[in-house]
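Structure, as structure tokens:
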Amino acid sequence: MTSIAAPQPGLLRQYLVLTKPRVTQLAVFCAVIGMFLAVPGLPDLKRVLFGTIGIWLLAAAAFAINCLIEQEIDARMTRTARRGTARGTISPAQVLSLSGLLGGAGMLVLYHLVNPLTMWLTFATFVGYAVIYTVILKPRTPQNIVIGGLSGAMPPALGWASVANAVPAEAWVLVLIIFIWTPPHFWALALYRTEDYRKAGLPMLPITHGSKHTRLQIMLYSFALFAVTLLPYFMHMNGLLYLLAAVILGGIFVAHALRLYRSYSDERSRRLFRYSILYLALLFGALLVDHWVGVLSA
């Protein structure tokens, strides 16, 4: 009988890998930014704490389920072949137990210590990623990351709901930013990992439509992202400090995309992918800093 009780130290690390901690950290960071932007002053710290814990637990559960569903795909890809699910060192029953424990705990925390709205929105995000994206979209359409990107874009709305028990237009603007950011971020990865995805049999855009078309889409999305990131300023959510950061960070993003479009190399694609992660973290950091500058100077 399989159990996740008292695992070996090496197994603990394998469990952690299944939760994709780096991706989870960025998602939770964006959720926390949403929490602090939801109110003019300091948010209820109890809701911030338990909202963060609950969202992290459900995100980790969703990623673990993703690894279970994609274990055969992961085994064919160099980037993911070392995951415990791909190597067979962690059984499906163990992953289901882990995900059930994390997800169940997360839902209880959000429902009882935050609010039901956040719990249901986070659960819907879990289903959107673990089922709709992983099972239905990813293996069937090159637009998988576009359509399925909504679930990955939800953290700011989840954070906002944690504190305000509502999801107003301002929260959806933050969701829109991540939604538009997602395709160029993942397509940059898919470009320099094309053969990996081909071996896995996944219909990623560089495989179905070629490198040139993918690079064109990345460039177009980078322009759209630049425009969308100006919305917080024009909607009076943030001030000039944020606007300056958005223009500089967005300009660098567009420059990377233009260079990649004009002349492809794996290194240029890799640089864009890495910068896109830094970009999102810095952009959301600028949202928070500008917000607090406004609060303190009011």
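Heads up, residue numbers simply count up from 1 along the chain you see.
Using the three backbone atoms N, Cα and C, a Cβ is placed for every residue, glycine included.
If you check Swiss-Prot, you get these features:
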TRANSMEM  23-43  transmembrane segment
TRANSMEM  49-69  transmembrane segment
TRANSMEM  95-115  transmembrane segment
TRANSMEM  117-137  transmembrane segment
TRANSMEM  144-164  transmembrane segment
TRANSMEM  171-191  transmembrane segment
TRANSMEM  234-254  transmembrane segment
TRANSMEM  276-296  transmembrane segment
Same-chain residues at least 6 beyond the ends of the transmembrane segment (171-191) with a Cβ under 8 Å from one of its Cβ atoms are 30, 33-34, 37-38, 145-146, 149-150, 152-157, 160-161, 197, 204-207, 211, 214-215, 217-218, 221-222, 224-225, 228-229, 231-232, 235, 237, 253, 257, 260, 264, 266, 269-270, 272-273, 276-277, 279-280, 283-284, 287
Mind pulling out the one from 23-43, 49-69, 95-115 with the most Cβ pairs under 8 angstroms to the transmembrane segment (276-296)? 23-43
Here the stretch out of 23-43, 95-115, 144-164, 234-254 with the most C-beta pairs under 8 Å to the transmembrane segment (49-69) is 95-115
Under 8 Å for C-beta pairs, could you tell me which stretch among 95-115, 144-164, 234-254 has the largest tally with the transmembrane segment (23-43)? 144-164
Where else in the chain does the transmembrane segment (144-164) make close Cβ contacts, counting only residues six or more beyond its ends and a cut-off under 8 Å? 27-28, 30-35, 37-39, 43-44, 47-48, 50-51, 54-55, 59, 110, 114-115, 117-118, 121-122, 125, 128-129, 132-133, 137-138, 170-172, 174-179, 181-183, 186-187, 203-205, 284
